[in-house]
Amino acid sequence: MISTLLTKIIGSRNDRTLKALRKIVKQINAMEPQFEALSDSELQAKTAEYRQRLEQGETLDQLLPEAFATVREASKRVFGMRHFDVQLIGSMVLDSNRIAEMKTGEGKTLTATLPAYLNALSGRGVHVVTVNDYLAKRDAEANRPLFTFLGMTVDCNVPGMDASQKRDAYAADITYGTNNEFGFDYLRDNMAFSPEQRVQRPLNYALVDEVDSVLIDEARTPLIISGPAEDSSALYIQVNKLIPQLIKQDKEDTEEYTGEGHYTVDEKNRQALLTENGQIFVEELLKREDLLAEEDSLFSATNISLLHHVNAGLRAHTLFERNVDYIVQKDEIVIVDEHTGRTMPGRRWSDGLHQAVEAKEGVKIQNENQTLASITFQNYFRLYDKLAGMTGTADTEAFEFQQIYGLDTVVIPTNKPMVRKDMGDLVYLTAQEKYAAIVEDIRGCVSRGQPVLVGTVSIENSELLSGILTKENIPHKVLNAKFHAMEAEIVAQAGQLGAVTIATNMAGRGTDIVLGGNWQAEIAQLDNPTDEQIAELKAAWQVRHDEVLAAGGLHIIGTERHESRRIDNQLRGRSGRQGDPGSSRFYLSMEDTLMRIFASDRVTGMMKKLGMEEGEAIEHPWVTKAIENAQRKVEGRNFDIRKSLLEFDDVANDQRKVVYEQRNELLDTNDISETIHVIRDDVYGAVIDEYIPPQSLEEMWDVPGLEARLKADFGLDLPLQQWLAEDDKLYEEKLRERILDEATKLYAHKQELVGVEVLRNFEKAVMLQTLDGLWKEHLAAMDHLRQGIHLRGYAQKNPKQEYKRESFDLFTQMLETLKRDVVSILSRVQVQERDVEALEEQQRQQSEAAPRTYTHATAESQLADEEAAGEEGHTTFVRDEQKIGRNDPCPCGSGKKYKHCHGQLT
């Protein structure tokens with residue numbers, strides 16, 4: 001109560017922020033006459049002037065009012081559009097490492113031009129991040145005339161570009177592209193074999209459109225680049241034939257319960273698990289197919305791979321539905337993004353799940369993949385010096401943006417008041433009754449000429465509703481992952497008089513629905529339109545626009561509540577843009593996924609006891625509140641998944657930073673002979689310690705063993721026993737020095753034979769190739785450790801602490817192995833110039849030609865495992881991505897200085 005009173009007196013934090021920003025808006029508006037008086041050439045010269053002032057010590061904040069006034073004036077001249085005051089406020093929020101919530105139709109694309117221009121003045125590059133290629137290309141082309149007028153270069157980064165094109169794209173002042181492509185380019189750059197193969201510059205400023213979709217919805221799925229592993233497609237096919245023979249076990253208190261089944265399904269956690277009865281039955285089936293030995297168990301250590309195949313097959317059959325989670329296209333399984341409804345060609349599920357789904361659908365099974373590089377969006381975007389984002393729906397996730405990314409959310413007021421009417425939810429007992437009510441609502445809208453947008457949560461539901469409308473002779477268009485190519489055209493005309501559009505998840509569509517249809521799209525279809533034709537089309541559109549306004553504007557129908565309130569708000573937000581009238585209503589049934597999983601059985605029982613007749617619905621604020629509480633539960637659980645994923649990935653991220661930093665230093669250094677010398681002394685010293693322990697008696701020495709080891713590992717044939725026999729005073733330290741001297745002489749002799757330059761190039765090539773091979777193996781080891789670490793919870797140990805400790809041990813072992821392998825190769829090999837060229841060519845071919853897969857890994861199962869093991873609370877993460885100094889503590893957690901720990905390689 002006291003906090004509410006204080007808010008009324010001094011305003012909310014959001015109000016105070018807006019009040020401060022409005023003062024700067026007044027400054028910008030006061031400059032407008034001054035900039036209007038400038039000629040085009042004088043206005044264009046401002047960019048060079050600002051850059052010069054930056055070099056002389058002024059800051060971007062000091063330049064902001066003038067820079068924004070410059071862009072606003074240029075926009076008036078190039079586009080005939082003037083930035084509203086609320087767009088200036090949004091731009092200032094975006095420039096200050098915050099998230100701007102701007103409602104649909106408020107001009108986010110135009111708003112982004114202001115902070116993009118300001119931050120591009122530094123010459124360090126700006127990345128404008130969108131959720132798909134279509135929007136990246138569209139926004140780049142739409143804003144190119146404005147930026148070109150101001151002397152800025154613009155380019156677009158999309159899949160399918162070669163390295164040269166990508167390098168040009170990143171060299172531009174402002175680069176538009178998708179979150180996936182920026183992330184994968186970062187990983188590819190850290191797999192390059194020469195500096196010329198890298199395409200990205202240091203990461204400066206990222207401006208993320210639909211920021212909630214990128215940083216929250218997709219944060220659960222790490223970006224993974226993988227290469228082919230061994231082929232096991234036959235086993236997937238054999239296991240796939242067995243899964244349909246298993247019987248699902250239902251809850252004992254349900255009508256479907258028929259006794260103990262073979263597996264249980266946990267839809268909430270996306271898990272399918274064999275029961276004890278199921279384990280016995282599966283073992284019998286496997287033995288019958290000669291996949292398991294008679295006396296063997298599925299859970300023995302030798303059958304881990306077989307168990308993995310069974311689990312993948314079970315999940316494929318029970319949790320992943322065709323036309324909901326994926327579609328079959330050209331004999332391939334194509335994943336459907338659950339958040340945007342878009343297909344993701346080229347993306348594959350990990351952990352053998354994709355192969356299991358391929359076996360289930362009878363399409364060609366592609367090889368399993370081994371991880372070569374991976375990163376989460378959370379850790380990728382925290383690499384930028386400045387990060388900001390905009391979306392129509394961020395306020396419900398403001399806590400997460402602050403907790404994970406350290407980004408505050410500011411709600412930007414609309415330019416015109418919002419007049420959309422949001423009606424209460426209608427809840428029916430069955431889906432059939434719900435769809436009947438939806439059809440009647442649509443029929444009423446069509447009769448009065450009101451356009452309707454119907455939102456569904458899956459392709460399957462959109463096609464089901466489309467079939468019902470077709471039977472009822474109601475003309476309509478369908479917008480889902482199957483009809484990608486027609487997407488922009490369908491959205492552009494969804495505001496036509498009486499139009500009916502069915503759409504899977506509207507998040508990220510990025511195209512405004514203009515009431516009366518999009519007259520600009522009609523003009524674009526004409527070849528060289530005359531002024532008269534344009535005027536006629538505009539006049540005809542104005543008539544249609546007024547008719548649609550009179551009919552009530554765009555009506556939104558939700559056929560099901562999504563698991564996130566934010567996605568529901570995105571659907572609603574398609575209506576009521578720029579003060580237009582509109583309305584929205586959600587129709588639900590007790591058979592909907594969200595209601596079935598999270599709404600209690602008591603609600604269904606209560607509805608039946610109330611004597612509800614067929615076709616009747618419940619509409620009450622209590623019901624709507626109960627549904628929102630269910631959504632909050634899901635949102636909280638998904639937040640836990642994302643935070644848990646980040647906590648585990650942060651361990652790998654610390655190691656990734658060390659490896660990638662060392663790798664980049666290797667690429668940029670032509671001479672690593674000093675590093676090789678230090679490593680060689682370390683490796684020889686460690687080997688000598690094994691056979692001649694420090695400060696030990698001579699009787700404890702294993703000299704013959706040391707001789708054999710030096711020869712086998714390093715090609716070093718030294719008569720150690722003869723040396724000791726000839727020299728009584730050859731003590732431990734002297735012997736060490738003599739061995740190292742001999743090793744150094746032999747290496748120097750090798751350098752004389754092949755030449756300094758050839759050996760330097762060979763050292764670098766060997767170091768890179770060995771590091772990449774070991775890093776790949778280390779990632780696989782980390783994956784295996786990650787999958788089983790939750791079991792430590794049963795032993796009353798903290799799985800995260802155990803993971804940190806063991807991953808550090810693995811990382812230390814990897815670096816020791818790297819030093820030993822590099823020294824061994826360089827010592828034993830007989831180098832010739834053509835060997836160096838062959839090795840470099842082999843690396844180049846591997847880099848360019850190796851088939852790679854770009855995937856999103858599933859994360860739900862990880863959280864389910866951790867919940868089962870009873871994990872402890874989470875920690876808060878803040879942005880902290882500074883470059884590691886040589887005297888800083890090593891990020892691996894050892895407590896040593898970086899230069900004395902994992903920095904010693906470089």
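Our numbering is plain: 1 for the first residue shown, then up by one each step along the chain.
Quick reminder: no glycine exception, Cβ is built from N, Cα and C everywhere.
Database features (Swiss-Prot):
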type	residues	note
BINDING	Q87, G105, E106, G107, K108, T109, D512	ATP binding site
BINDING	C890, C892, C901, H902	Zn(2+) binding site
COMPBIAS	871-886	compositional bias 'Basic and acidic residues'
REGION	839-896	region 'Disordered'
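In the three-state DSSP scheme, K108 (ATP binding site) is classed as helix.
Neighbour counts were taken at the CB atom with a 10 A radius for the binding-site residues E106, D512; the maximum falls on E106.
Those same-chain residues not listed among Q87, G105, E106, G107, K108, T109, D512 yet with C-beta within 8 angstroms of the centroid of the ATP site C-beta atoms are M102, T104, L110, T111. Residue pairs drawn from Q87, G105, E106, G107, K108, T109, D512, the listed ATP binders, are separated by up to 17 Å at the Cα level. Within the same chain, residues at least six positions away from G105 (ATP binding site) with a Cβ under 8 Å of its Cβ are D512, R577, Q578, D580. Remark: of the binding-site residues Q87, T109, the most isolated position is T109 (fewest other Cβ atoms within 10 Å of its Cβ). The Cβ of G107 (ATP binding site) has H83, F84, Q87 as same-chain neighbours under 8 Å, each 6 or more residues away in sequence. For K108 (ATP binding site), applying a Cβ distance below 8 Å and a minimum sequence separation of six or more within one chain yields G90, M102, D209, M390, G392.
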